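Reviewing the structure listed below.
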Amino acid sequence: MTEHEARYPVPEHASARAWVDEETYRSRYAQSVEDADAFWLEEARSRLTWFTAPEIGSESRYTPSDVQVRWFADGELNACYNCIDRHLEDKADKVAIYWEGDNPDDHLSLTFAELHEKVCRFANGLKSLGVGKGDTVTLYMPMIPEALMGMLACARIGAIHSVVFGGFSPDALAGRIVDSGSRVVITADESLRGGKNIPLKENVDEALTRPGTEVVEHVLVVRRTGGSVAVNPRDCWYHDVVDPQSSECPPEPMNAEDPLFILYTSGSTGTPKGLLHTTGGYLLYAAMTHRDIFDVHDDDVYWCAADVGWITGHSYIVYGPMANGATSVIFEGVPSYPSHGRIGEVIDKYGVTILYTSPTAVRSLMAQGDDIMASSTRESLRVLGSVGEPINPEAWNWFYRVIGNSRCPIMDTWWQTETGGIMITPLPGATELKPGSATRPFFGIQPALYDNEGQELSGEAEGNLVIKASWPGQARTIWQNHDRFVQTYFSTFDNVYFTGDGCRRDEDGYFWITGRIDDVLNVSGHRMGTAEIESSLVAHEAVAEAAVVGFPHEVKGQGIYIYVTLNEGIQPTDELRAELVKWVRKDIGPIATPDVIQWAPGLPKTRSGKIMRRILRKIAADELDGLGDTSTLADPGVVDDLIEHRQSK
Ligand code: 6R9
């Protein structure tokens, strides 16, 4: 049997106590699509604690002229109350967070009772800075407990958090602060990753020199490393503001449709989009998917190795696990520090039973060889998870065999910032696995494949992945730009949500995500618009034009390949190449570091002036046989030049 035909039946240890077995999956799935409102209302009432329980289910519609996503609109609740307060009755002394610092000697744990006290103080501290219901707050934080506490403190008082990944540049941060209209920014002096200090506060200071950021009144700074920072009149230390506060702070009753957070993500055009998630539907969907997909029970120790700056961190480090009263490991560092055995060592240290990580992390460890796992046994593990990009069967098998000791089923979870939670996934106690397939839809999710003309494809097929009908975790809009929301997700095909992903369905009805079909790259699981990188490059004085495409990369999944046309009279030198790499890193952040820059005297364009990326992608991937029809090009000669001068990777 080849790797691609391999199947992994549900292991006995998983079926023995799983929340969902195959029979339950089938019957509950049928109910969830046949009588969606009844299904979701019952889930909402039983899984969350409401101040006013909802009677209304979905009021969502996707007609082209009127796109609305709304769930449980007569319900009232507070997300922070659901994540902390309601556990105090029977889990006050249960560990909520095991925090593992970058340095293995740096660690602490917090119980739900301790977390309650700290979050209340934090929330009162934010109030003292004038933050109230409906205000936006930007967080630019390391992976420390204060990052989660800051998010929960916002939720407690009804403020809307906007977390910006700590690896983004000052310019990227500034754009997100301005778009969200945050008057308060929460950050730390420095973050610490792989033994290196990253100057977060300095980046905030630089961001706040950019136009539009005058709206920021306060910068609240957590002392993480003790590194020296400039102190401006708008700055205040977290310990000065928060420590003296009262540890009582009543949770603000919120309507289910009140905003919970904004999270920016890249699209194929223009600036990043601030996806808005609201309180009731999002929290229900995060909690339910977390418990059922990772089969979380009270004695589990769960570790999601993502960063809170991404949607995975929001749903599966903060809201899902905390709403379920789970014990989580929060990791500040990187898998390769102090050695490549770190992930296994952290698993053994805390007795981690569930590990949720990314294909890129798995591939980077796989490249080091099996021996790196010799420093740990990982025998506590029972379920593994993968997210962010397609996991190739080779990485799947290594994850299964080496990290999971050939005992733990892998949940290959497909979803997006826009979907709020996992959409297509196996379930540990129900699904036979095929490496590389995200398998089947979660409850209430109706995926379909459409051809480019909008015809639905049946049976075995490959096409555009769309989702019919709304689900509670769906993003409601793009912050202050509902037209863009409608345009991006609901204008390509009528009456369905368009994901932007390509997908194949096999003979068993299993889904295999093939990757983005738009101009969005997925580098190490991070989404990046080619347009963002291109506009950064053309802002450089030497650059006339730039075209960015992805190419297959062994560790990162996709690498960044850039074709640059220089202005007249500029010499293409190695120094300039290095300068452009630095330029993009500085402008967008290290995650956007170009892998290859090729000088292109001309770019292949249609007669109407559109860059033919299809051709550029093929050249970057060395797929020279399949260039297809180049006769519509304005100047077919440029292709030969690009082929001749293509760069090795
Ligand atoms: C959660 C997250 C979303 C895009 C998505 C798709 C890719 C995510 C995947 C996957 C194949 C999986 N993606 N999970 N592709 N298999 N299991 O990653 O959100 O950052 O918004 O990215 O990531 O292309 O459209 P986000």
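Heads up, the Cβ atoms here are built off N, Cα and C, so glycines get one too.
TrEMBL annotates Gly388, Glu389, Pro390, Asp412, Thr413, Trp414, Trp415, Gln416, Thr417, Arg516, Arg527 as ATP-binding residues; of Asp501, Asp506, Asp508, the candidate listed for that same site is Asp501. Ranking the binding-site residues Pro390, Trp415, Val538, His540, Val543 by the distance of their Cα atoms from the Cα of Thr312 (CoA binding site) places Trp415 first. Using Ser524 (CoA binding site) as the reference Cα, a 10 A cut-off selects Gly388 from the binding-site residues Gly388, Thr413, Trp415. The Cα of Lys610 (N6-acetyllysine) lies closest to that of Arg585, out of the binding-site residues Arg193, Lys196, Gly388, Arg585. Largest CA to CA distance in the CoA binding set (Arg193, Gly194, Gly195, Lys196, Thr312, Ser524, Arg585): 24 Å, whole number. Across the fold, the C-alpha of Thr413 (ATP binding site) and the C-alpha of Val543 (Mg(2+) binding site) stand 40 Å from each other. The Mg(2+) site is defined by Val538, His540, Val543, and by the 8 Å test on Cβ atoms against their centroid, the other residues of the chain that qualify are Ser536, Leu537, Ala539, Glu541, Ala542, Ala544, Glu545, Ala546, Val564, Leu580. Considering only the binding-site residues Pro390, Trp415, Thr417, Arg516, Arg585, the residue whose Cα is spatially closest to the Cα of His540 (Mg(2+) binding site) is Arg585. For Val538 (Mg(2+) binding site), other Cβ atoms within 10 Å of its Cβ number 13.
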